[in-house]
Amino acid sequence: MATANLLDLNGRREMDKAKALESALAQIERQFGKGSIMKLGANSPVMEIEATSTGSLGLDIALGIGGLPKGRIIEIYGPESSGKTTLTLHVVAEEQKKGGVCAFVDAEHALDPAYAKKLGVNLDELLISQPDTGEQALEIVDTLVRSGAVSLIVVDSVAALTPKSEIEGDMGDMQMGSQARLMSQAMRKLTASIGRSNCMVIFINQIRMKIGVMFGSPETTTGGNALKFYASVRLDIRRTGGIKDRDNVIGNTTKVKVVKNKVAPPFREVEFDIMYGEGISKTGELVDLGVKAGVVEKSGSWYSYGDERIGQGRENAKAFLRANPSVAGDIEDKIRASHGLDFSTGEIGKDDDLVDM
C-alpha cells in the first residue's frame, strides 16, 4: 500500500514538472517569439550544418563535414605568404558557384583582382570594401550579416583592423589592448546574428612572437583571445617547401592543420600544392588522395586507375587527369564516397584545374 502511494506521489510530481516546463516554454515564446527555445531533435534545423568547400578535397575531408561550416566564425592564420588569402579566395569561388553572395573586407588594401579571377572568383558579383578603421570594417561586417542576404564575408586581416584611436593618435602613442577590446566587442555583437543569418565570416589573421617564452610555442595571433574562443574552426596554414620545374620555383607544398573544430574531430592535417598565380592543384590532390584511399594504384613510379595506366611519375599522372576530366571526376567521386562525403556535382574540366605545368 505504501509503495503504491509512493509511486502515485512520484507520478504526480512528474506531471507537475511537465506542466511547469510547458508553462515556462510558453512564457519564453510569448516574450521572445516562436523558435526562441526548442528541443534539439532530428527535425530541428540546428542539427543540419551546411558546409562550403574549401577548394581542396583533402581539406574538405579533414574538416569532417565536406568544407567550412555556414553560420559560424572561422579563423585562418599562418606566416606571411603561406596561402591564407589564396585558400580564402577558393572558398569565395566555391560559395559563388552555389549562388551565394560574398563580400571581401580588404582592411590590408592588398587584394589582387586579377589573381582572384584566376582562382575562379566572379568579380562582378563580389562585394568589396576597403575601410579606413577597424571600427568601420566591423560595422560593415555587422550590417552585411544582419541583412541576411550575404552568405560569406571575408575579413583580411585582423592585424590590419586598426582602432580609430590609434589612427588619430601620434605615431609613438601607446594603445595598450585597444585592438583586443575592439575584437572582443565585435565577437559579442556578431556571434548571434551570424548564427541566425547562416552567414559564414572568415577572419584571416597573422602570427606574432611572444617575448620571454621559455617553454612551448612563442607564436600567437593578433587581436587578443576573443576570436580564438568564438571561432568554430581555426586553420593553421604553413608553407613546407617549394615545387620546382627545372631551376624555376613554380609553387609551394602547403600543410594545413585543423587546430580547432567544433563540428568534427580536430587536429587533422592535410598537404596540398599551391601553384604560383594559379592556386590549389586539384589533380595533385586526386593523385595523392587516390593512392591513400586505394582508388589509384601505385607500383614503383607508375600510377594506375583500374586497368589503365595513367602516368609514370606524379606530374605525368596529373597531366593525364587534366586531359581526361571524366576519369578525374570518377576518382574524386570514389574518394568522397570512401570518406562519407557527397559526390561532386560535376567533372573536373580543364578550366577548373588550376595547375598548368
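Note: Cβ is positioned from N, Cα and C throughout, glycine not excepted.
As annotated by Swiss-Prot, ATP binding site applies to G78, P79, E80, S81, S82, G83, K84, T85, with the evidence given as sequence analysis. Of all the Cβ atoms in the protein chains shown, 23 others lie within 10 Å of the Cβ of T85 (ATP binding site).
Here the binding-site residues are E80, S82, K84, and the one whose Cβ sees the fewest other Cβ atoms within 10 Å is E80.
Neighbour density at the Cβ, taken as the number of other Cβ atoms within 10 Å, is lowest among the binding-site residues G78, P79, G83 for P79. Sequence-distant contacts of S81 (ATP binding site), defined by Cβ-Cβ distance under 8 angstroms and a gap of at least six in the same chain, are R239.
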